[in-house]
Amino acid sequence: MKPALLEVMRMNRICRMVLATCLGSFILVIFYFQSMLHPVMRRNPFGVDICCRKGSRSPLQELYNPIQLELSNTAVLHQMRRDQVTDTCRANSATSRKRRVLTPNDLKHLVVDEDHELIYCYVPKVACTNWKRLMMVLTGRGKYSDPMEIPANEAHVSANLKTLNQYSIPEINHRLKSYMKFLFVREPFERLVSAYRNKFTQKYNISFHKRYGTKIIKRQRKNATQEALRKGDDVKFEEFVAYLIDPHTQREEPFNEHWQTVYSLCHPCHIHYDLVGKYETLEEDSNYVLQLAGVGSYLKFPTYAKSTRTTDEMTTEFFQNISSEHQTQLYEVYKLDFLMFNYSVPSYLKLE
């Protein structure tokens with residue numbers, strides 16, 4: 001083959017390679033600009049396409065600066081609840097602000113969802129299992145889809161949710177200022193009876209019987225048997241109440257979270273909560289939170305009938321055998337919760 005022909009063939013091959021390289025580069029440039037103009041879509045846990053959160057309205061904006069000019073009845077209701085907390089804190093400032101500065105340990109009940117800019121203070125015996133399930137769905141990045149598929153014991157594993165005390169002080173302050181903060185409350189004595197029934201009348205709660213039952217029986221029961229002192233599994237409600245109002249109890253250690261006051265768990269006189277949900281309107285209030293977070297179209301609060309739920313009628317029965325003196329002392333322990341969340345004094349109480 002002649003040298004001139006070989007040279008022509010070699011040049012053609014080089015030209016084709018250069019053309020292919022240029023074409024590939026051009027395609028990459030086009031793809032880059034398209035990605036800049038159209039952000040990559042991600043899928044929420046239920047398979048609904050939603051764009052990245054950046055640029056959308058935050059829950060705080062949805063709550064305090066709604067698109068519609070006229071506030072809804074729900075928004076007005078929650079404003080009244082916020083005002084009730086503020087007024088109670090102001091009226092009881094000497095009691096409610098004994099501690100001016102919170103420590104990180106005070107924030108361990110505040111669960112953080114960075115994706116949706118939410119902070120939830122969980123209160124045991126106020127639907128906290130289902131709300132922890134919801135927070136796991138919201139923060140799970142696709143790991144979970146149906147809240148009710150998450151086992152109850154898994155919802156209470158601390159490693160599954162991030163709490164505010166795990167952040168630095170500047171990060172804590174930023175989130176308290178920028179995120180929507182909410183909690184759920186319940187009539188204080190109904191919550192207390194619910195805690196007693198769950199922790200002291202169920203045979204499987206051996207750890208509570210050993211940890212608290214034995215101590216309560218030793219302190220409150222005269223002529224207790226050795227078996228009762230050893231097992232602690234037959235604590236009477238009257239003994240439980242006597243333990244709670246005993247001044248020595250909280251001097252020894254703080255109340256367990258299941259019967260600790262909401263005021264002490266969530267510090268509403270130090271932290272401004274944007275929403276106060278109530279157990280009595282649980283489904284409605286929960287779905288309002290989800291709506292403000294921008295997930296209400298595909299995520300709802302789980303509903304199911306629980307036949308073992310503690311009711312007002314049950315609570316009335318439990319308090320029948322409590323003396324008026326002990327009822328009065330117990331009310332003083334939970335008084336701030338009654339006032340702050342606008343619960344009236346129960347009609348069954350015989351206060352001195």
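Quick reminder: no glycine exception, Cβ is built from N, Cα and C everywhere.
Features of the protein shown, as given by Swiss-Prot:
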TOPO_DOM  1-16  topological domain 'Cytoplasmic'
TRANSMEM  17-37  transmembrane segment
TOPO_DOM  38-352  topological domain 'Lumenal'
BINDING   124-130, 186-194  3'-phosphoadenylyl sulfate binding site
CARBOHYD  Asn205  N-linked glycosylation site
CARBOHYD  Asn223  N-linked glycosylation site
CARBOHYD  Asn321  N-linked glycosylation site
CARBOHYD  Asn342  N-linked glycosylation site
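Positions of Swiss-Prot features highlighted on the structure.
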{"residue": "Pro124", "record": "3'-phosphoadenylyl sulfate binding site", "Cβ neighbours (10 Å)": "20"}
{"residue": "Val126", "record": "3'-phosphoadenylyl sulfate binding site", "Cβ neighbours (10 Å)": "21"}
{"residue": "Cys128", "record": "3'-phosphoadenylyl sulfate binding site", "Cβ neighbours (10 Å)": "22"}
{"residue": "Glu187", "record": "3'-phosphoadenylyl sulfate binding site", "Cβ neighbours (10 Å)": "23"}
{"residue": "Phe189", "record": "3'-phosphoadenylyl sulfate binding site", "Cβ neighbours (10 Å)": "26"}
{"residue": "Arg191", "record": "3'-phosphoadenylyl sulfate binding site", "Cβ neighbours (10 Å)": "24"}
{"residue": "Val193", "record": "3'-phosphoadenylyl sulfate binding site", "Cβ neighbours (10 Å)": "23"}
{"residue": "Asn205", "record": "N-linked glycosylation site", "Cβ neighbours (10 Å)": "16"}
{"residue": "Asn321", "record": "N-linked glycosylation site", "Cβ neighbours (10 Å)": "11"}
{"residue": "Asn342", "record": "N-linked glycosylation site", "Cβ neighbours (10 Å)": "15"}
Worksheet entry | Greatest C-beta neighbour count within 10 angstroms, which of the recorded positions Asn130, Asn223 | Asn130
Fill in: Candidates Asn205, Asn223, Asn321, Asn342 (glycosylation sites) - the one closest to Val193 (3'-phosphoadenylyl sulfate binding site) by CA
Asn321
Fill in: From recorded positions Pro124, Phe189, Asn205, the one whose Cα lies nearest Asn223 (N-linked glycosylation site)
Asn205
Worksheet item: What three-state class does DSSP give Pro124 (3'-phosphoadenylyl sulfate binding site)?
Response: coil
Discussion item. If I take every residue in the topological domain 'Cytoplasmic' (1-16) and average their pLDDT values, what number comes out?
Written reply: 50
Discussion item. Spatially, and counting Cα to Cα, which of the glycosylation sites is closest to Pro124 (3'-phosphoadenylyl sulfate binding site)? Options: Asn205, Asn321, Asn342.
Written reply: Asn205
Response to the item:
Among the glycosylation sites listed as Asn205, Asn321, Asn342, the Cα nearest the Cα of Glu187 (3'-phosphoadenylyl sulfate binding site) belongs to Asn342
Worksheet item: About how far apart, in whole Å, are the alpha carbons (Cα) of Asn205 (N-linked glycosylation site) and Asn321 (N-linked glycosylation site)?
Response: 24
